[in-house]
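K.L.:
Pasting a structure below so you can have a look.
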Amino acid sequence: MSLLLLVLFSLASLTAAEIRHADIRNDDRPIIAFDEFGFTHHGQLELNITQLSFSGPPNPDTSILSKLGFFLCTRDAWLHVLQQIEDAEITCALGSDSVKKVFTFDALPNPIPTEWNLLYPETDADQYTLVFANCLPQLKISMNVRSAMYNLEGGKSDRRDYLSAGKTVLPRVYFLFSMIYFFLAAFWISVLYKKRLTVFGIHFFMLSVVVLKALNLLCEAEDKSYIKRTGSAHGWDVLFYIFSFLKGITLFTLIVLIGTGWSFLKPYLQNKEKKVLMIVIPLQVVANIAQVVIDETGPFGQDWVTWKQVFLLVDVVCCCAVLFPIVWSIKNLREAARTDGKAAVNLMKLTLFRQYYIVVICYIYFTRVVVYALETITSYKYLWTSIVAGELATLAFYVFTGYKFKPEAHNPYFVIDDEEEEAAAEQLKLDDEFEL
Ligand SMILES: *[C@@H]1O[C@H](CO)[C@@H](O)[C@H](O)[C@H]1NC(C)=O
């Protein structure tokens with residue numbers, strides 16, 4: 001556990017967030033993509049290049065250096081550039097008129113300096129990627145690049161907003177959701193107090209899941225607002241990763257525990273159910289480390305794709321694994337309903353577990369697939385809407401789980417005497433008529 005926190009710490013302090021530092025050594029890649037950012041009409045790009053040096057042709061003369069430089073490019077424009085290169089209209093991306101040239105190296109004074117600073121205003125609002133192009137095949141370049149992209153708040157003022165155009169409302173969104181979860185936690189405590197005679201261990205576990213979710217969102221709000229103001233993450237991101245790690249583990253454990261019926265159907269876990277937990281918890285650890293690396297390296301980091309795949313794989317395995325205990329419970333209840341006399345009560349439990357199974361699948365499907373689809377189809381300006389949709393789905397899932405498994409004296413899932421059995425049978429009959 002402490003080892004994991006150490007890993008999280010060291011990873012989190014590796015890189016700054018929206019201000020990026022890239023170290024390029026003896027690189028002859030023709031295209032190097034740095035970072036993507038949504039500009040408003042008052043955007044600016046700051047480039048600081050240090051330790052600049054070339055190797056390859058001795059003394060590259062300044063005229064060919066126009067084939068070396070930085071540009072900004074939207075995704076659509078990039079497709080167009082690729083088409084142009086394929087049609088042999090141009091040989092270098094810098095030659096296309098669909099890209100916005102930030103600066104080419106022929107603008108450097110002679111002799112070429114080792115350091116260079118640049119401020120580039122971007123007034124066409126859009127989502128751009130910062131790209132470096134090297135169209136000189138024999139030339140290798142070394143440099144340290146610090147890039148900072150931001151929007152000026154309210155246009156002329158000096159206040160910088162380092163969050164991309166579609167993400168600038170995120171601190172407020174996360175804060176709002178964290179308040180909702182704190183409210184839910186307080187409400188849950190009051191429920192537990194009122195129904196203290198029928199409270200089970202699982203209900204306290206639910207409380208801890210809600211509190212962790214609230215803390216996680218609060219740290220994410222603070223982290224994002226810190227990045228918004230300074231361009232770098234500091235301190236809060238570590239807390240955020242710790243809470244999201246704990247939240248991930250407890251949420252999956254909770255789904256498994258509820259699925260097995262632990263503490264309200266039976267006081268113990270079967271061996272195969274323990275095995276599910278033993279698979280899910282370490283996988284959540286891996287998923288969280290992957291998430292940290294993904295967040296910190298940005299989409300153009302070298303290991304980004306690998307870690308993204310690791311994350312997706314682990315996530316899919318976890319999501320499938322948590323469904324097994326629910327399926328086992330459904331099977332057991334179905335058999336119990338057939339064999340013992342308490343058929344109606346068992347059938348109601350069965351209905352509940354079936355509902356829960358469907359809701360868990362919907363929750364997983366929505367937060368993984370639908371949110372991803374929304375993210376892909378919405379314009380960069382409304383990127384936050386997919387995050388809100390995901391959080392709303394999560395909230396609905398928490399509320400459903402709390403409501404359906406709340407502590408209650410007359411909850412049919414906990415009763416065993418004959419009177420209750422009759423009541424349950426009556427209720428079922430009513431339900432059936434209602435459905436017909
Ligand atoms: C980077 O370049 C900008 C624009 O010229 C300059 O204002 C800023 O001070 C530079 N930052 C560093 C760390 O050199």
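Placement of Cβ uses the backbone N, Cα and C atoms for every residue, glycine included.
Automated prediction, rather than curation, is the source of TrEMBL annotations.
Straight out of TrEMBL:
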type	residues	note
DOMAIN	23-151	domain 'CAND6/7 N-terminal'
DOMAIN	171-411	domain 'GOST seven transmembrane'
SIGNAL	1-17	signal peptide
TRANSMEM	173-193	transmembrane segment
TRANSMEM	200-218	transmembrane segment
TRANSMEM	238-264	transmembrane segment
TRANSMEM	276-294	transmembrane segment
TRANSMEM	306-328	transmembrane segment
TRANSMEM	356-374	transmembrane segment
TRANSMEM	380-400	transmembrane segment
K.L.:
If you average the pLDDT over the domain 'CAND6/7 N-terminal' (23-151), what number do you get?
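P.N.:
Mean model confidence (pLDDT) across the domain 'CAND6/7 N-terminal' (23-151) is 89.
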K.L.:
Please list the DSSP helix, strand and coil residue counts for the domain 'CAND6/7 N-terminal' (23-151).
P.N.:
22 helix, 66 strand, 41 coil
K.L.:
Does the transmembrane segment (356-374) reach the transmembrane segment (276-294), going by 3 or more CB pairs under 8 Å (6 or more apart in sequence)?
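P.N.:
They do not touch: fewer than three Cβ pairs between the two stretches lie under 8 Å.
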